Amino acid sequence: MKILVADDEAINRKLLEIEVKELGYKVLTAKDGYEAKQIWENERPSIVLTDWNMPNMNGIDLVKHIRNNEGNDYTYIIMVTAMAREDDLIVGFEAGVDDYLTKPVGKHELYWRLKAGLRLISNNDKDMLIFALAKLTEIRDEDTGNHIERIRLYSKLIAEELYKRGERPLEINQKFIDDIYITSVLHDIGKVGIPDNVLFKPDKLNSEEYNIIKNHTLIGYKTIESLISKSQRKTTLSMAGEIARSHHENWDGSGYPDGLNGEDIPLSARIVALADFYDALVSKRVYKESWTHDDVVKEIFRQSGKKLDPYVVSGFLSIESEFQKISSALAE
């Protein structure tokens, strides 16, 4: 597995090279963006660790070049930089950056970021299929824009935060994080089975129409179950089924379709429920104005123990500023 390190500062480049080599990977190095571009074209490394400010070609232009020329062989790109302002994150994500590492880079954090990147690359074909399925839902609704991209990033953030706490190692591990990032995009896949006159009704739904909408959870679950029977990756798709069926369940038992409560609701669905709730409130729709981030945070706190899992809410509250950055970077 080849990893390309691009940095114009020799000491930074050497430190990253040593750390990556110690983790067992073959390392390619470049002293500027143009050299990195040439190496990438010739060697096609699986992961690129690139600095932002470099001569000849900066990191953002390198990212854009890779994204425009990679074809079906996806390159996982990590921006390694001291620039961590919200505006910079927006520019990076828009260009095609997958992840960020802030200098100085710790070896332990580098290890897990590289592992996550390699897992996602190995799952790329599966991820592309799942993402394509999710797009079937989103493409019908012009109002939802980047919704599924935001949901997968929100869900991953919460899972990573809960993982760092180390309180539930049997439930939350690196595979859980990778799987929820991939499968959370299918949470509303069942909406492909909802009639347009109900799904896109601009007015308030009547009780019959609301029951039809609620049925998208079961349609999604049954669709994914049919895929599981034909798949060799049953664990990942099982999480997708949990999420599709249970992301509208409420902690207090007032949700649907099964009226589950508390920890009877799968953890993956409880995480996506909060991500979906946040995104619904901060997003403007034809039938509602957007809420401010601060107002949504207050509402999520109020819903702790009611609609939302207190454990998941506590994780969100520790990283809520990161949600705001993603919301801004991937706005409609």
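Note: Cβ is positioned from N, Cα and C throughout, glycine not excepted.
Bear in mind that TrEMBL entries carry predicted annotations, made automatically and left uncurated.
Feature annotations, courtesy of TrEMBL:
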- 2-118: domain 'Response regulatory' (DOMAIN)
- 122-332: domain 'HD-GYP' (DOMAIN)
- Asp51: 4-aspartylphosphate (MOD_RES)
**Request:** Output, ordered by sequence, the same-chain residues six or more apart from the residue listed as '4-aspartylphosphate' with a CB under 8 Å from its CB, or 'none'.
**Result:** Ala6, Asp7, Asp8, Glu9, Asn12, Gly59, Met79, Val80, Thr81
**Summary of DSSP states over the domain 'Response regulatory' (2-118), given as helix, strand and coil counts** = 57 helix, 24 strand, 36 coil
